[in-house]
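A quick write-up on the structure given underneath.
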Amino acid sequence: MATVTEGRDVARPDGAPPKQRRSREGAVSQAQRASIVTRAAIATALTVLAVLWLAPLAWALVTSLKREADTTTVPLEVVPEAGFTLEAYTRVLSNDNIITWFVNSTVVTVVVTVLTLALSTTAAYGFSRTKFRGRKVLFALTIAGIMVPPQILIVPLYEQVTAMGLADTYAGIILPQLVVPAMVFILKKFFDGIPSELEEAARVDGASALRIFWQVVMPLSRSIVAAVGIFVFIGAWNNFLWPFIIISDPDLMTLPVGLVQVRSSFGIQYAQVMASALLAGLPLIIIFMLFQRQIVRGVATTGLGGQ
Amino acid sequence: MSAVGSTPQSTVPAPAAEVDRDAPGRRREGRSLTSIRGGLWFVAPFLVVYALFTLVPILYGLFLSFFDTSLVGTSSSFVGFDNYARLLGDAQVWRTLGITLLFTLLSTVPLVAVSLVMALLVHSGTRGQWFWRFAYFAPFLLPVATVTLIWQWLFQGDFGLLNGLLRGLGLPAVGWLSDPDWGLWSVVILTVWWTVGFNFLLYLAALQGIPQTVYEAAAIDGAGGWRRLLSITLPLLKVTTGLVLTLQVLASLKLFDQAYILYVGSGGPGGVAQPILQYVYDTGFVNYRLGYASAISYMFFALIIVVSLAQAWISSRRRS
């Protein structure tokens, strides 16, 4: 955002400078005249929406900090008389299952992200920069895959993965998640736009294709690879349907699947349910706080092939 | 892997390559120099996994849809188009498809409109950009299990926040999860809250892409804020709206996770929140009728493809 605005304010070399300056001041004063009322209205609307969008999270947090008995009061209390407590969190974190699911989710998500990036970047580079018989047909086949919703494949995929002996294994959760044709498409478009001079220079120096890819092209593509990587990571961490179908062993469940299964065993212990739900979302909130800029840009670039 | 490192197609002598690099007008030829014969090795790993876990299941699913295969049965026989014929007369198919389409309509309208309003407001440049973006987008990052468990608690009849607020205002409580009139709306509300942030960021990026000069020109002509919004900003967002709308319709049609978790697989009060994908799931994994479940999947797949192609056709017609 900041960079875009700065870019706009830089005087443009093409137009006549004095005229442009006047026009910009005109725009500002115009905006100022309308400002006070409009700005107050905009700020109010922004705040109302922010309250609506944050309230569910805030209420979940407040609930998770109460004693179980204080969660079900009528009328509702924001601050319970007995005060807040971390009891729900200590209970949840002392539950071995939840720790196991957290570890499973982490392993699955990291492996899916690394392997998806490896498969997608090499494929995109191959489609963008190399020639081989059938390249166009194979690329068209890849693009067609963007239209296939993974949900329609659950029945045959379940049969197939089970027949391969991969039900209730990490491999069974991971392998079907590695194919994201949309990401190959996005990366290929990016590689197409990289001028080939650098690669040529490296070739002349005798570098192999794999080395050129790794040492010349990948460093130039850091931002797009990061954007794709963050999205794959979010998708894998949040994936529910496939792990839900292929895993029945509680020791192999991922966090989203485990939470849904365990919900009933918590009974009406809302503080613990909220604590576990928030803990499952926490890694992603932290990632957003660290990488907001990349994520915001990533949505814009990956939006085309997204979902 | 040795093929990857093989020599270029044309064995160009070193001096010629030097010249080529220095001559600016010869970039296209340079491009072909970069082409590698062993390129298939780059795409092979992806294609193998793609074939195994997308293409094979597509074909296998199609194959299954012509058999009366069931997960428990030992034998399965070829039944031709029987599964497809049966789904045309299956009231559950039409009911769940209707629910899916209704949900798509009810969710797409607010998901596009609210995200546009959010983006316009944030783009006004009010202080606290980071905070607004966080507030509107953060829910999108949460796992569906987290989102649904939180809303299940908010919707809770006796102690939930929503009914608590309604009672505080002197209004009657609503059976968010128990009243058939509200069952689907609860899924809509949850979904709008959860996913509006994605559309919001698409709109925000589009707004930031509009050159400032356009507004400057309009300001000289004396166009006020509303005027500029209506006659410049909104028309320039048409392409983005088309994109957001399509992505949203496709995403809404695929409703399953949140509806399934919210109602613990029951389909909601009176089954009013059972989407078609849940019917596929129930048919395949609860009733073990794999062949029939595959046939329903394929009917739904056809619908998705029709929507995708219709969008491509509309956008290409608009461009020309």
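Glycine is no exception: its Cβ is also placed from the backbone N, Cα and C atoms.
According to TrEMBL, the feature compositional bias 'Basic and acidic residues' maps to A:1-12.
The region 'Disordered' annotation in TrEMBL covers A:1-28.
Long-range contacts of the transmembrane segment (A:40-62) within its own chain (CB-CB distance under 8 A, at least 6 residues past either end) are made by residues 78, 274, 277-278. Residues or ranges marked as transmembrane segment by TrEMBL: A:40-62 (among others).
According to TrEMBL, the feature transmembrane segment maps to A:98-125 (among others).
Marked as domain 'ABC transmembrane type-1' by TrEMBL: A:102-291.
Per TrEMBL, the feature transmembrane segment maps to A:137-158 (among others).
The feature transmembrane segment is assigned by TrEMBL to A:170-187 (among others).
The transmembrane segment annotation in TrEMBL covers A:224-247 (among others). Packing against the transmembrane segment (A:224-247) from elsewhere in the chain are residues 105, 108-109, 112-113, 116-117, 120-121, 150-151, 154, 157-158, 161, 166-168, 172-173, 176-177, 180, 183, 186-187, 190, 218, 253-257, 260, 283-284, 287, 291, 294-295, 297-298, 301-302, 306: each is 6 or more residues past its ends and has a CB under 8 Å from a CB in it.
Annotation comment: TrEMBL describes A:267-291 (among others) as transmembrane segment.
Sequence-remote contacts of a segment are chain residues at least 6 beyond its ends whose Cβ falls under 8 Å from one of its Cβ atoms, and for the transmembrane segment (A:267-291) they are 57, 60-61, 63-68, 71-72, 87-89, 91-93, 98, 102, 105, 226, 230, 233-234, 237-238, 255-256, 259. Residues 104, 107-108, 111-112, 115-116, 119-121, 123-125, 127, 142-146, 150, 153, 157, 161, 164, 221, 224-225, 228, 231-232, 235-236, 239, 242-243, 246-247, 252, 254, 301-302, 304-307 of the same chain lie 6 or more positions beyond the ends of the transmembrane segment (A:170-187) yet place their CB under 8 Å from a CB of it.
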